[in-house]
Amino acid sequence: MDPIQQAMLKKSHAAKLERRGKLISLFCISLIVVVVLAIFFFVASRGLATFFTNKVNLWRFLSQTTWSPAVKDASGQPQVGALPMIVGSFGVTLLSAVIATPFAVGAAIFMTEIAPNLGKKVLQPVIELLVGIPSVVYGFIGLSVVVPFIRNIFGGTGFGILAGTFVLFVMILPTVTSMTVDALKAVPRHYREASLALGGTRWQTISRVVLRAAMPGILTGIVFGMARAFGEALAVQMVIGNAALLPTNLISPASTLTSVLTSGIGNTVMGSLENNALWSLALLLLLMSLAFNLLIRWIGKKGEIK
Amino acid sequence: MDAKKIDRLATTILYLIAGIIVIILASLLGYILVRGLPHISWHFLTAPSQSFKAGGGIGIQLFNSLYLLVLSMLISVPLALGAGIYLAEYARENKLTEIIRTAIEILSSLPSVVVGLFGFLVFVLQFGFGFSILSGALALTMFNLPLLTRNVEDSLRQVSFDQREAGLALGLSRWETVIHVIIPEALPGIITGMILGAGRVFGEAAALIYTAGQSAPALDFTNWNPLNIASPLNPLRPAETLAVHIWKINSEGIQPDAAAVSAGASAVLILAVLLFNVLARVIGNRIYKKMTAV
């Protein structure tokens, strides 16, 4: 082979660089996928041990109301009833979403439809700052302001679902608001013009045209907020009272999946039933976050078709 | 009530809602700063914390937070760059890419406590790192990676396609085009995202409780040998961060001045986050000006 032919057939320096670069980037992205799979594998293998190794009945786990894994009941079954935590988690999540939604949607309408200038100069930075405040700070404020406030008004200890709801309300407000703003901004301008041209007032235009068109986006924002509220650990743990009892009212101490996890996992021995039961709660948390993800996808698909 | 009156009423209510939100933030910030700022002093910022008596500082925790931040950014930034480049430049629109995107979405929506527990299981127990800065940094990387990756991808996508064509037309490979042409132009966006990510990492606690640990052993700030257990640089020592410290003293602390210490620490945390926000804006703008000669 003559040298020219050899040079032509050999990979150029640039081609080698290209190959190497592509491999590097492929490696990075595969690492992320592997991490996600590993999270599912490890949490599931621990969480399922409660049911396969310790032979706890899944239905009992979800429906019993007594959570004291170290104690066995009359029939010799360990008492791992996760219902109080499940109720607590869903309680704070739903309540905070119910309170946050009108505020978030209202603020978003204000920022896009009523006073865009004021919205951009004042509300936008406010929302961005609220996102940035660390969750322990919310927890601390909840502990030193919200809990005593509730105690003074309703009596009791002040710890409970109501305090958790207040803290989560402020935490998810910015998330829902900024996603609603995006959804409202995505509504084409001529929708508004058409409605105004028909003689609709601004509010009629907003409520009957803009909000309807933006509905899938707004719902996505709300579900995102709920996912965040469901998974929030420390801020809730600090104000909810951490009593694994089925909540009977909003101001008695309760607990959530995350609060039991954060306070319990360090005090149990790896591989014991107490520990496995906590991992089952973590698995439940993981599955719920997956469910929220699917819900968001489903809403997105539904919204596309219209 | 006629339509016009309803319109006016609705407008008033919307103004009210906007006002309430502004008041909520103002009172939050006001409360933290008014309660916390008087407590901040040089002593508070540098002294070690006290477990049983008043007068403890947050010196070690503050250093731990910063060190953990630097370490986790050192791990996550290159990974996020690589992953973002893959998604923006190399990924084709097919099933595999869709799976990758779903994985990133799931990772970004995972509760941070679950990420922390996974870190506990894998890094602390399986790999034997123990409660350490290294475990914490790896857990924070997992927590931060999806958002950083998405930010890198978005920033790269904003660069016009002409730039890529120009690079390729000059005979550069795709990789060289990305490294020498696209990334410099996307840099302001990338850096802004990184700084905001840093703010998020700085305030994170749930992922750290069971990875970086909840204790802050005394450090010898004259010993900079990373292999020594008392050295501040040792990545295998347990390290309670500022955010974890606030949680810890509020949920199980017995210091008589727990409320004051947490108010002071919260104020420091908030000021740091504010600083990150401002920095993100200023540095982003400045780099943009420098790079684009506007």
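The count begins at 1 with the first shown residue.
Note: Cβ is positioned from N, Cα and C throughout, glycine not excepted.
Nobody curates TrEMBL annotations by hand; they come from automatic prediction.
Among the features that TrEMBL reports, transmembrane segment is placed at A:21-44, A:85-110, A:122-147, A:153-176, A:209-230, A:277-296. The domain 'ABC transmembrane type-1' annotation in TrEMBL covers A:86-296.
Long-range contacts of the transmembrane segment (A:85-110) within the same chain: residues 62, 67, 118-119, 123, 127, 161, 164-166, 168-169, 171-173, 176-177, 180-181, 183-184, 206, 210-211, 218, 221-222, 225-226, 229-230, 236, 240, 244, 246-247, 250, 254-260, 281, 284, 288, each at least 6 residues beyond the stretch ends and with a Cβ under 8 Å from a Cβ of the stretch. Of the candidate ranges A:153-176, A:209-230, A:277-296, A:277-296 has the most C-beta pairs within less than 8 angstroms of the transmembrane segment (A:21-44). Sequence-distant contacts of the transmembrane segment (A:209-230) (same chain, six or more residues past either end, CB-CB distance under 8 Å): 89-90, 92-94, 96-97, 100-101, 104-105, 109, 113, 168, 171-173, 175-180, 182-184, 186-187, 191-192, 194-195, 200, 285, 288-289, 292-293, 295-296, 299-300, 302-304.
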